Amino acid sequence: MNKQEYMNCAEEELLHTYNRFPVVLERGEGVYLYDTDGKKYLDFAAGIAVSAFGYGKKEYNDALKAQIDKVIHTSNLYYNTPVIEAAKKALAASGMDRIFFTNSGTEAIEGAMKAAKKYAYTRDGHAGHEIIAMNHAFHGRSLGALSITGTRHYQEPFEPLIPGVRFAEYNDLDSVKKQITEKTCAIFLETVQGEGGIYPAEKEFIEGIRKICDEHDILMVTDEIQCGMGRTGKMFAWQHYDVKPDIMTCAKAFGCGVPVGAFLMTEKAAEKSLVPGDHGTTYGGNPLVGAAVSTVFDLMEKENILEHVQEVAPYLEHALDALVEKYEFVSARRGLGLMQGLVLNVPVGKAAAKALEEGLIIITAGSDVLRFVPPLIIEKSHVDEMAEKLDKVFAQIEA
Ligand SMILES: *Cc1c(COP(=O)(O)O)cnc(C)c1O
């Protein structure tokens, strides 16, 4: 089949929940992807902030292959060694005390929501608690996560959602304070808002949230699904601030491509929350994903990924700032580390589509932001290559 035939097939078979870019990706190598016609693309999306080590990373692939030959799945009724290793590394990197493995980001959020509700239930001896979440937040598509996702058009067709969710403005501490009631059990926030348009938390805001949570014995839950795992130059973005969450979620680059997420918590949160019978998953933390997560942490350390991100991110910022300077319709840049956004006053979807024609894979966030979440292994030369391609795209738009 040729590309058009593949695309026609897909449109007949797959439920139409995505408007896909017209490209059929077939294989990858380093930070490049190749389509079925053999066309080469520089990847600045990493499968939505997932493929931190790009493609064809030998140690990672070898570890997965070796685990496949041993055992892929056993269930959570038994212990398995890869997940014990993965847990040890995730807890060491985060300073958390307990971890529960899930199969996706949205499930990590579901688990965190249940843990927060259970914590307050144990504390107060009754149910009926509320969660505070942020406008423009994105936490996933399952009904619980959707209930705390602060974008009306994602929610509306699926109402009624989980009751007892109150929304506040991100980076506006007073708006959060206004939503606190006696029933509040947790405040959920992304440390850097992703889908909502790449907004890093301001220091006073996130540190203020920590303070509010301490004062009221409310749990602070940070969603690190997109901004975690080294993307911002720290293993977890909250580590840039003088805070430590009670619960945090992880997914996307956590397994670098195998479907795995997690929610992690402190002993204080764990003591009063989920116990046998409260929560479970058939696949979660199986030997295959355990091997992946474990190898990802090993590689992060071995390749000094955090230092690398800290070094290459300012270079990316500089390249993007130059585009802000040069083009009137590019109004701003914001972000943290290798999670950056450019605000455009022209349709961003069109810009991303034109970039694809130029051999650059890039995605959008919100309605007006071009999002840069490349593999963490990109070099400065790749930044140059990206900037050159984007410059061509922008020149076409301007013309
Ligand atoms: C992607 C994402 C999720 C949802 O993860 P899925 O694996 O798609 O369910 C939740 N929170 C944030 C911040 C995300 O970026």
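Every residue gets a Cβ built from N, Cα and C, even glycine.
Note: TrEMBL annotation is automatic and uncurated.
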**Study point:** TrEMBL annotation, pyridoxal 5'-phosphate site containing Gly105, Thr106, Asp223, Glu224, Ile225, Gln226, Thr282 - matching residue among Phe138, Phe205, Phe329
**Key:** Phe138
**Study point:** Close recorded positions near Glu224 (pyridoxal 5'-phosphate binding site), where close means Cα within 10 Å, chosen from Arg141, Lys252, Thr281
**Key:** Lys252
**Study point:** Close recorded positions near Ile225 (pyridoxal 5'-phosphate binding site), where close means Cα within 10 Å, chosen from Arg141, Lys252, Thr281
**Key:** Lys252
Exercise for review: Rank the recorded positions Arg141, Lys252 by the number of other Cβ atoms within 10 Å of each Cβ, and give the residue at the low end.
Suggested key: Arg141
Exercise for review: Report the same-chain neighbours of Asp223 (pyridoxal 5'-phosphate binding site): residues 6+ apart in sequence with Cβ closer than 8 Å to its Cβ, ordered by sequence.
Suggested key: Ile109, Ala137, His139, Phe188, Leu189, Glu190, Thr191, Met248, Thr249
